[in-house]
């Protein structure tokens, strides 16, 4: 049996099968009561509307700053040589427009109810099932922080070498110091520091990108870049898969910041425009620089283009900005699962394992491995959450139940088996279509690889997992009395007032 049924007596004396009354779980302000809730409130309880201070510009600058990831340069660089300039431009714009639309839709749960991303997954996956999202968040964090730290290490090494400073192991010192330790100090001071850093860093980094374009034009590289033919090493499907998987890597992070949004509208457009403008700008310019130099690492092509010492320092600034965002979101995700943990201890735990990647493989290999991980594990999981929120719940869920272990989102021992089954179906589809991207022959299916060239892997896998759960959520799950998809007779539970649309 998936759910324990019992007979409880409602206040009006009518017996209702399957009704389990909700605990009086306090959320914020006047609702606060009980030690468990107070512990939750300190980390992941929903924010009241009065505490949501981020308007459109704050959200825009936040995500523009978060997306000035130097890995955006790498995304465009990774397929530009294979496609050539014009094809690279078209795929980059189209892929990011679609990918970041999904991100903006995903941000709406947290923007409406003021809850953290991981908490917002509980209606779909259950209290404990949402912990899987935390695991994915932490693993992605390790990869991105490691890659960014490597970029910072290369840039700092070139800066120091240009000044005649060199010593054994200097790259690792710079990578760990500038790419990991400094952002860690900033975010342990305050999670809100990410907003402050973004407002300073984004204009600087945007100016840097415009300066790169100016130098490419002024130095006579643009004509060669535009005429550069694709060598066929990457097709449009490969490029779209990279762009789309890169875009949805933001899924686990969105709610940590968008819960501060004043309205759903400002959350959607601030997120979409902030991510899209910087994403397209950096990817296209990164691709152009690679076409001009043949290098993928931004620090190396910046040095080869003779952009000067300041450009390398700006690369370090971009790394610090991006890693600050990543560590803040990663820490918030863990705190939503383990609310009694000390914030600074969590920041340290989220950061330290990334050091391993500094000593890892080449930058391109790390980037490719991480995108495979995202496409396979992140896409299908969050597709179920999107289908649940928009198509099954019609953008409404019971916030109190997200914190109530006796409520409808507890499912089976805290897990929704049907949500995970749907996720698994999507993963199988991804493995069939894109398993060959892993490089393992056992995961390579020639038929799937042929189909991949027409439909890619991550987007179809998400569509299948979302559709599978929609069908189950319309048929099987409600009949078992799970998930609160149908109101229980006699059970009235007040919900948090959502933000204005």
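Glycine residues also receive a Cβ, built from the backbone N, Cα and C atoms like all the rest.
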Ask   = TrEMBL lists transmembrane segment for one of the ranges 6-24, 25-43, 196-214; which is that range?
value = 196-214
The annotated transmembrane segment range in TrEMBL, which must be one of 267-289, 474-496 = 267-289
Query = When each of 135-159, 171-189, 196-214, 451-472 is checked against the transmembrane segment (53-75) for Cβ pairs under 8 Å, which one has the most?
reply = 196-214
Ask   = Sequence gap of 6 or more, Cβ distance under 8 Å, 3 or more pairs: do the transmembrane segment (267-289) and the transmembrane segment (196-214) meet that?
value = yes
Request  = Could you tell me what the rest of the chain brings near the transmembrane segment (366-391), counting residues at least six beyond its ends with Cβ under 8 Å?
outcome  = 71, 74-75, 78, 102, 105-106, 108-109, 120-121, 123-125, 132-133, 136, 139-140, 143-144, 146-147, 150, 241-242, 245-246, 248-249, 251-252, 357, 360, 397, 419, 422-427, 429-431, 434, 437-438, 457-459, 461-467, 469-470, 473
Request  = Could you give the residue numbers and ranges of same-chain residues that sit at least 6 residues beyond the transmembrane segment (234-255) on either side and whose C-beta is under 8 angstroms from one of its C-beta atoms?
outcome  = 66-67, 71-72, 75, 78-79, 81-83, 87-88, 91-92, 94-96, 98-100, 102-103, 106-107, 109-110, 115-120, 133, 136-137, 140, 144, 271, 275, 279, 283, 325-326, 329-330, 333, 370-372, 374-375, 378-379, 382, 434, 437, 452-459
Ask   = Looking at 135-159, 171-189, 418-439, which one has the highest count of Cβ pairs under 8 angstroms to the transmembrane segment (309-329)?
value = 135-159
Inquiry  = Can the transmembrane segment (171-189) be said to touch the transmembrane segment (135-159) if we require at least 3 CB pairs below 8 Å and skip pairs under 6 apart in sequence?
reply    = yes
Key: Remote residues contacting the transmembrane segment (418-439) - C-beta distance under 8 A, at least 6 residues beyond either end   = 124-126, 129, 132, 241, 368, 372, 375-377, 379-381, 383-384, 388, 445, 447-449, 451-452, 455-458, 460-462, 464-466, 468-469, 472-473, 476-477
